[in-house]
Amino acid sequence: MAFFKCVNMLIIIFIFFLCATPIFSDSSSTNSKDHLAIPKLLELAKEPQVFDWMVDIRRKIHENPEVGYEEFETSKLIRTKLDELGVPYKHPVVVTGVIGYIGTGLPPFVALRAEMDALLMQELVEWEHKSKVPGKMHGCGHDAHVAMLLGAAKILKEHEKELQGTIVLVFQPAEEGGAGAKKILDAGALENVSAIFGLHVGPNIPLGEVASRSGPMLAGGGFFKAVIRGKGGHAANPQHAIDPILAASNVIVSLQHIVSREADPLETQVVTVGNIQGGGAVNVIPDSVTIGGTFRAFLRESLTQLRHRIEQVIIGQAAVHRCNATVSFLDDKIPSVPPTINNDSLHDYFQSVAGSLLGIDKVKGHHLLMGSEDFAFYQEAMPGYVFIVGMEDVSVERLRSWHSPYFKVNEDVFPYGAALHISLATRYLAKLNQEVPAEDGKYHDEL
Ligand SMILES: *[C@@H]1O[C@H](CO)[C@@H](O)[C@H](O)[C@H]1NC(C)=O
Ligand SMILES: *[C@@H]1O[C@H](CO)[C@@H](O)[C@H](O)[C@H]1NC(C)=O
Ligand SMILES: *[C@@H]1O[C@H](CO)[C@@H](O)[C@H](O)[C@H]1NC(C)=O
Ligand SMILES: [Zn+2]
Ligand SMILES: [Zn+2]
């Protein structure tokens, strides 16, 4: 008994010490006490009152996955938690979006982003908190992203007085193909924000490590659909018909020549036709054929060029075969996404912050990813940085990749995500304050 009392006492003293010490200080400071501050943050995020709280939130969201623009219960849960913490917020920002504020309420503003949406897929992982909604699943880890941002908010709120500006918590809808980020920006919710940080859990990166890169990281891309119209007729008398099947075949082949003959071989681009529909009988030439596909690239100019050439090639190649074609880029249904390009100075900043939190050997580079991330929209509007937080512990199990029906989140990643959010935002606010020029004294006085 006495032993346990003693341990309890030690824990209380330890927690008191954690709380009493400023935890957001800049480790570049020469003060050696400050230098210890950042690693302490991780310990704080591992405390049961933060860790268990995040786990509980994530499991609730996981059980009730909601797809883009339908995240009503998720949004409600987030607001309940923010209310509990006493964090003010704006809602609704774009249907279900929630924007929270911690700090002085004055500039500078630094934003942290979490997506709320799930995927239309059936979860095949058998566990206690499996999705209760057939055909819907948090298969990309956005449930974990929400939990980690709330975990960060919990700690930040307790240290609000130390903040040198305002941290903007962005809980956005519809990352998966819905361009929720773009709508958040269009709503003007992130006006005056100096920088935005986002993280994504990584199933194939070790727990305790982070990975990212400077410049392009994920591809941008768009979708297209074309209807090629000819004139139907008897398959035995092609001279009386205009064959859209042959036209479509040549269109598809020609589309493959855009990347192979027109793109710089050192630059990565893709054009894929993933859908073709036309004809019903083996002895009938149909009236029309529909094709659909996607294009991806890492440069904005390349995406514009691909889009232009895809339309030209489809219409031109159809005309060669006496067919008419109409091309649509589905901007309303599946909006195109720009490439995700990490700001280079934020990359240096990230390396230094993540390095002091995790150890510089845990901060890794990442290869280019051909998938897309709607965080790219934020990066078009302001300096932005996205990175991957590793969660794989091979001593326990190998994790399946994003969007797999067997996708699992290792909840041990939560303290890392929360601590990274906190240190990236707080130290950036401090950095911005140092950079405010002397004549801009107005902000300084207010802070
Ligand atoms: C951004 O700053 C301008 C000028 O200070 C102010 O008028 C505007 O309301 C601010 N926008 C937001 C969303 O805070
Ligand atoms: C293509 O469009 C032109 C002009 O509208 C029309 O005259 C022609 O019949 C159309 N051809 C096909 C195959 O639909
Ligand atoms: C990166 O962000 C900084 C501010 O942190 C900005 O000054 C710079 O212009 C940005 N770089 C690019 C390439 O946008
Ligand atoms: Zn995803
Ligand atoms: Zn995702």
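Glycine is no exception: its Cβ is also placed from the backbone N, Cα and C atoms.
Look at TrEMBL and you will find 1-25 tagged as signal peptide.
Following the DSSP three-state reduction, the secondary structure of His142 (Mn(2+) binding site) is helix. Feature annotation from TrEMBL assigns Mn(2+) binding site to Cys140, His142, Glu176, His200, His403.
Within the model, the domain 'Peptidase M20 dimerisation' (224-314) shows a mean pLDDT value of 97, rounded to a whole number. Under the heading domain 'Peptidase M20 dimerisation', TrEMBL lists 224-314.
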Winner by Cβ contact number (other Cβ atoms within 10 Å) across the binding-site residues His142, His200, His403: His142
Counts of helix, strand and coil residues, the domain 'Peptidase M20 dimerisation' (224-314), according to DSSP: 37 helix, 32 strand, 22 coil
Env. residues of Mn(2+) site, Cβ within 8 Å of mean position of Cys140, His142, Glu176, His200, His403 Cβ: Glu115, Asp117, Leu119, His138, Gly139, Gly141, Glu175, Trp402
Reduced DSSP assignment, His200 (Mn(2+) binding site): strand
